[in-house]
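Peer 1: Let me begin by handing over the structure; questions about it come next.
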Amino acid sequence: MQDLVIRRPDDWHLHLRDGDMLRGVIADTSRHFARAIIMPNLVPPVVTSADAAAYRERIVAAIPAGDRFEPLMTLYLTAGTSPDDVEAGHKSGLVKAVKLYPAGATTNSHSGVRNIDEAMPVLERMAKIGLPLCVHGEVTSSDVDIFDREAVFIETVLDPLRKRLPELKLTMEHVTTKDGVDYIKTSKANLAGSITTHHLIINRNAILVGGIKPHYYCLPVAKRENHRLALRAAATSGDARFFLGTDSAPHVDPLKECACGCAGIYTSINTMSCLAHVFEEENALDKLEAFASLNGPAWYGVPANDETITLRKQVDAVSYPAKIDTGAGPVTVFDPMFPLHWAVV
Ligand code: OTD
Ligand code: ZN
Ligand code: ZN
């Protein structure tokens, strides 16, 4: 038996959804995580501070009794977003980031930004008040191969934006490529990246070899093995610019297992076990706390959590359900394809 005690982690990119799904999934996060950045891609999206305040109340009402969990709210950037509303939401302490979805890039992103010019007044205000922009970093034009969309985004959108507005704090979310890792590493300031659990574990073979596996399909889509290895090196390096954002994104099974399945992988329930496994494989258990519990708070300007959690390596494999039942229907849990031996005790 081996114990690893770390500060209680936070999840810097999480989809909790709403209604029955929210009530069905939130315990899997609040059990282990103290805080999470909550994605605003509901239908309709969380656009205004008033939307975020109302959504926050629905989340708080769904937290299981006895769990201490703080949802950190974000606003979904649209062409109509008001700089004054963003600033007011931030000043009140409610809004912790604004989210840029290139229109069409991922689930419920059709209200997103089509041309960065239309968002400049909001982005300039955010730079002034120090509010971070969380970015889904993929271009969407049909002539760009889906495996190249992150690299092309960096070159054609992210880098020009950073040159135009160097004071804007940017989180490049769910980095999936070596290009993304390298770009973040060369930046001097105001850029950090979140990395998901599943992109540290699967490459694109998981989706496509031996039959099509919809539960490994997410966006950005998993890439080649060399990219996965670059993500692992970044996550386990201790570099303060990389931190955990699970991007746990539940969809009910009928919407994944069909002719046009939704993107998203549900990892909230076994993320900490998966991460301990990965960090142990990389001989970097001593860096897990930085990745999951320290680097994110430092970037978002909040203190690390005082509480701790204990991960224990046990002989028997950790048991977790293959699916969870939610009031909205069954949701398949991420299967890392190896037994997990690190349990949160
Ligand atoms: N990716 N699924 C979803 C969002 C993310 O790009 C993302 O952040 C979702 O279902 O909301 C997914 O695969
Ligand atoms: Zn995204
Ligand atoms: Zn996401």
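Keep in mind that glycine also has a Cβ here, set from the backbone N, Cα and C atoms.
Automatic prediction, not curation, is the source of TrEMBL annotations.
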Peer 1: Write down the one residue from Asp239, Asp247, Asp253 that TrEMBL lists together with His13, His15, Lys99 as binding Zn(2+) 1.
Peer 2: Asp247
Peer 1: In TrEMBL, the residues Lys99, His136 are said to bind Zn(2+) 2. Which of His110, His174, His198 is said to bind at that same site?
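Peer 2: For the Zn(2+) 2 site that includes Lys99, His136, TrEMBL also lists His174.
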Peer 1: Would you report the average pLDDT that the model assigns to the domain 'Amidohydrolase-related' (11-320)?
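Peer 2: Mean pLDDT across the domain 'Amidohydrolase-related' (11-320) comes out at 97.
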Peer 1: Could you list, ordered by sequence, which of these binding-site residues: His15, Leu16, Arg17, Lys99, His136, Ala263, have a Cβ under 6 Å from ligand 2?
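Peer 2: With ligand 2 as the reference and 6 Å as the Cβ limit, the list reads His136.
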Peer 1: Among all protein chains shown, how many Cβ atoms are found within 10 Å of the Cβ of His251 (substrate binding site), not counting that one?
Peer 2: 24
Peer 1: Using C-alpha positions only, work out which of the binding-site residues Lys99, His174, Asp247 is nearest to Leu16 (substrate binding site).
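Peer 2: Sorting the binding-site residues by distance from Leu16 (substrate binding site), the top entry is Asp247.
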Peer 1: Which ones, of the binding-site residues Asn41, His136, His174, Ala263, have a Cα no more than 10 Å from the Cα of His13 (Zn(2+) 1 binding site)?
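Peer 2: The binding-site residues close to His13 (Zn(2+) 1 binding site) (Cα within 10 Å), listed in sequence order, are His174.
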Peer 1: When you put His174 (Zn(2+) 2 binding site) at the centre and draw a 10 Å sphere around its Cα, which of the binding-site residues Asn41, Lys99, His136, Leu219, Ala263 have their Cα inside it?
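Peer 2: Cα within 10 Å of His174 (Zn(2+) 2 binding site): His136, Leu219.
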